[in-house]
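Q: Here it is, the structure, as structure tokens.
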């Protein structure tokens, strides 16, 4: 099919709606030429609220993605979907069903439980505070308390990657590699954190750095964006990572999420090796 197709997409949740929004976004990008007008219905926990949702769906018919743990409310939405000939997809059902079968435990059916203030929530807050304090080579005296330490040349997305990982509950620090400046001893001798080297394609780095300088209204003539110098900078970084025995990730054309996912994989492998000892 050619051209752009616009659909109404109803996101119905008994909590904040963040879960279903992420699912919808991940699925929609798989369909080229489809534009979705999203109708977000959050904190849907009563029959009265479901009536309002159904009225909205009748006004703008379109697929319905649902995260409702109250089965009676879900039944009402499914009935409306059949009447309007609209698909109703309960995105939690396959997961809950599989876990119920595996665990042999009853689903509690309490809406919004993922947002309770539990230990994991406070761990994320603590991790975020640690990560912000240890950004860009700061507070190196307690770097061994980090779970992960990222080392990389300028403009390799160290800070946003750290923040993404911190939101997963990991304490992450990052240190920039500056040409001609040795890494602090605290970094080269760190034994606590998983240390990962980040690098990038030199041509891509020059492009990113040039755009950065333009945004800052700074001069464009410097070794910082000289291709030959940047090539030497990247080559020296790789040699350093190899000498230190650090795993290396080339972030060229990678999203923050993809880089973070690879780092998480390395971190999990390290934990498994340590646990096996």
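Just so you know, glycine gets a Cβ as well, placed from its N, Cα and C.
Okay, these came from TrEMBL:
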BINDING   152, 153, 154, 155, 156, 157, 158, 159  ADP binding site
Q: Using a 10 Å cut-off on CB atoms, tell me which of the binding-site residues 155, 158 is the least crowded.
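A: Result for the binding-site residues 155, 158: minimum number of other Cβ atoms within 10 Å at 155.
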Q: Any same-chain residues 6+ apart from residue 156 (ADP binding site) with CB under 8 Å of its CB? Would you list them in sequence order, or say none?
A: 198, 199, 200, 205, 251
Q: Provide the three-state secondary structure of residue 158 (ADP binding site) computed with DSSP.
A: helix
Q: Would you pick out, from the binding-site residues 154, 157, 159, the residue whose Cβ has the largest number of other Cβ atoms within 10 Å?
A: 157
